[in-house]
Structures are given as structure tokens and as C-alpha cells.
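See below for the structure under consideration.
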Amino acid sequence: MKISKEPISNIVLLGYMGSGKTTVGQELALQMSWRHLDLDDYIESKKKMTISQIIESKGILFFRKLEQTCLIELLEGAEQTVISLGGGTPCYYDNMKLIIEAPHTRSIYLRANVPFLTYRLFPEKAHRPLIAATTSEENLAEFIGKHLLERSVFYNQADFTIDVQGKSPELLVREITGLG
Ligand SMILES: Nc1ncnc2c1ncn2[C@@H]1O[C@H](COP(=O)(O)OP(=O)(O)OP(=O)(O)O)[C@@H](O)[C@H]1O
Ligand SMILES: O=C(O)C1=C[C@@H](O)[C@@H](O)[C@H](O)C1
Ligand SMILES: [Mg+2]
């Protein structure tokens, strides 16, 4: 965790798909009267395409490079801002280093377990290109289990971790604003 006498002026939310980064980020920004920026939304409005369309037409590598460019743009301009990342953002290139070293910025991992993510994501898989093709909850759980294990190495580098299971967005916002 960084040690800084400067006040925190940005919060970055990270975690697996479906952990609530967008939902909690919106609520947190509202409560703090800060700006909310969602990296997936930023990419989509910049390219005027959905993430699914970008990955389908240009490929995953193009998307990951674009994601890093956009991450840097958001971090550079941020002040009193809550930034909700995409699920994979911290796990590519040196993105996690960029997040950790961003000035006046606190990173928070919204952690959820495999059964919870499977339950939440299965009905919503259609607009999430990495899991859209999974055919059953069992297949999805197996995919998430392996994927989360690989990604946790990056997520665990966040300044703070909060477990999200069974908590409303409002309760999560209270936990986040109560962090030291
Ligand atoms: N704390 C919560 N309580 C109840 N439902 C929630 C909560 N957080 C998120 N949700 C719901 O879970 C789903 C996924 O949430 P959300 O889109 O915010 O996740 P995400 O982490 O931004 O996912 P992605 O990485 O795909 O962008 C949405 O239907 C949302 O309404
Ligand atoms: O977990 C991931 O790799 C992704 C999550 C989404 O937020 C999007 O950024 C995209 O669908 C990729
Ligand atoms: Mg999101």
C-alpha cells in the first residue's frame, strides 16, 4: 500500500466481471459528489462501438491495447473521480503498476467468489464477450474458477480488498468510505 501524506482524490475499483465495479462506482461517486468514469463506457463512446463489436471486429489484442491507452487517459485527467475498470484491465501489460503508482489514487478490489460470480453472470453473459459462448452454469463456473485464479495475482495488489457477497451497493459504499 502506498504511504502518502497527500489526500486521496481518486478511487479505482477493480475486480472480476460482475463484481459490481460499475454499479458500486456510480453509487460511490454519487455519495461523494465526485465524478464517475467507467473505462468500458469510455472505450465504447470513444470508438462508437460496443466492447463486443470491438473484440469481434478487431480482435482481443487490439482491445487490450486500446484499453491501456484509455486507462492512461482516465488516470491522467482524474481528480475527485471514481474510476470503474473493466474486469481484465489490471491483468495486462503494466496496467496494475500504472494504477498503483497513480498519484493520490486508492485502488479497491471488489472480491467475489466463484459460485456468486457464476450465479450473477450466467443470466448476463450475452453482453460479456469472454463468457457469452458458455453453455451451462457448470461450464461458466469452471471457466471463472481458472480465470479468477490467474487474475487474482493482479487484483490482490490493490490497496484494499472488500468482499461483495450479499451486500447492497449502499452498504459497499459505506465500507469504502469508512476505509482508513
Ligand atoms: N451490490 C450489489 N447488489 C446487487 N446487485 C448488484 C450489486 N452490484 C452489482 N449488481 C448487479 O450485478 C450485475 C453486474 O454488476 P456490474 O455491471 O456493476 O459489474 P462489473 O463489475 O462492472 O462488470 P464488468 O466487469 O462486466 O463491467 C448487474 O446486474 C448489477 O445490477
Ligand atoms: O474481464 C474482462 O476481460 C473483460 C471485462 C469487461 O469489463 C470488458 O472490459 C471486456 O468484456 C473484458
Ligand atoms: Mg462494469
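In case you wondered, yes, glycine gets a Cβ from its N, Cα and C as well.
Take the substrate site that TrEMBL assigns to Asp40, Arg64, Gly87: the candidate from Arg151, Arg174 listed for it is Arg151. Within the set of binding-site residues Ser19, Lys21, Arg128, Lys21 have a CB atom less than 6 Å from some atom of ligand 3. For ligand 2, the neighbouring binding-site residues among Gly18, Ser19, Thr22, Thr23, Gly87 are Gly87, by Cβ distance under 6 Å. Listed in sequence order, the binding-site residues among Gly18, Ser19, Lys21, Thr22, Arg64, Arg151 whose CB lies under 6 angstroms from an atom of ligand 1 come out as Gly18, Ser19, Lys21, Thr22. Secondary structure at Arg151 (substrate binding site), taken from DSSP and collapsed to helix, strand or coil, is helix. Rounded to the nearest whole angstrom, the C-alpha distance between Gly18 (ATP binding site) and Asp40 (substrate binding site) is 13.
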